[in-house]
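Engineer: When I checked TrEMBL for this same protein, it listed these features:
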{"type": "DOMAIN", "residues": "A:38-111", "note": "domain 'Phosphoribosyl-AMP cyclohydrolase'"}
{"type": "BINDING", "residues": "A:Asp85, A:Asp87, A:Asp89", "note": "Mg(2+) binding site"}
{"type": "BINDING", "residues": "A:Cys86, A:Cys102, A:Cys109", "note": "Zn(2+) binding site"}
2 protein chains.
Amino acid sequence: MKLSKEEAESILSSLNFRHEMGTIIAVLQDSETKEVLMVGNMNKEAVMNTLTTGLVHFWSLSRKSLWLKGETSGNLQLLQDFKIDCDGDAILVLVKSQGPVCHTGNRTCFYRDSSSLNLTSSLS
Amino acid sequence: MKLSKEEAESILSSLNFRHEMGTIIAVLQDSETKEVLMVGNMNKEAVMNTLTTGLVHFWSLSRKSLWLKGETSGNLQLLQDFKIDCDGDAILVLVKSQGPVCHTGNRTCFYRDSSSLNLTSSLS
């Protein structure tokens, strides 16, 4: 999915960039498997680039720079659809992955689950 | 799912509360439908309470207070499982909802999709 600049600007105007360094929270979800892949921050430029190029961009809080996801690894994340939350400070980005999202090589950054965290007495 | 205080402390020690006001980002996902329900922040106390009571708690950045999700609406969110991301600053919380998550009455806070945002020329 790609939007025109005008459409993207309309979306931008409905967002509340209230998080760190003028960002919203972006949650990446695999559009087919519904697996949550990662969480990052997007500033206005990252949202604009994501919507108009169809490739997920983030704002890196640590590096303080715009970041095309997969620029070095080649694992681009293709925008399929998106949803905005009730107060406009978070966006759910539905993607088709061209490769693992996580720098560890895992398909998702959320690969550490309760069974891998050495919990012995968890009760259901 | 409920953890012991010792287990919860072990989880806490693997988290990096680097976001606003000493928080991590928490993504709520329906454990059955895989629908992403909402995004919020959790400080150490909110994570500890969530893990040891089995009921989702957040730290409200705007109200600057601990918040049992559903305390007033009755729509408690029951912890089924959780996953931690690679750098420990986000947690994926799998829940069973006792009612709509969103204050608008919608099942999910992400109820505004591209078709409801008056986009006319979006291309797939």
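Any Cβ shown, glycine's included, is placed from N, Cα and C.
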Engineer: Round to the nearest Å and give the CA-to-CA distance linking A:Asp87 (Mg(2+) binding site) with A:Cys102 (Zn(2+) binding site).
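Structural biologist: Their Cα atoms are separated by 28 Å.
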Engineer: If one measures from the C-alpha of A:Asp85 (Mg(2+) binding site) to the C-alpha of A:Cys102 (Zn(2+) binding site), what distance in angstrom results, rounded to a whole number?
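Structural biologist: Here the two Cα atoms are 24 Å apart.
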Engineer: When a 10 Å sphere is centred on the Cβ of A:Cys102 (Zn(2+) binding site), how many other Cβ atoms does it contain?
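Structural biologist: Other Cβ atoms within 10 Å of A:Cys102 (Zn(2+) binding site): 18.
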Engineer: Would you identify which of the binding-site residues A:Asp85, A:Asp87, A:Asp89 has the most other C-beta atoms lying within 10 angstroms of its C-beta?
Structural biologist: A:Asp85
Engineer: According to DSSP, how is the domain 'Phosphoribosyl-AMP cyclohydrolase' (A:38-111) divided among helix, strand and coil residues?
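Structural biologist: Split into helix, strand and coil, the domain 'Phosphoribosyl-AMP cyclohydrolase' (A:38-111) gives 10 helix, 30 strand, 34 coil.
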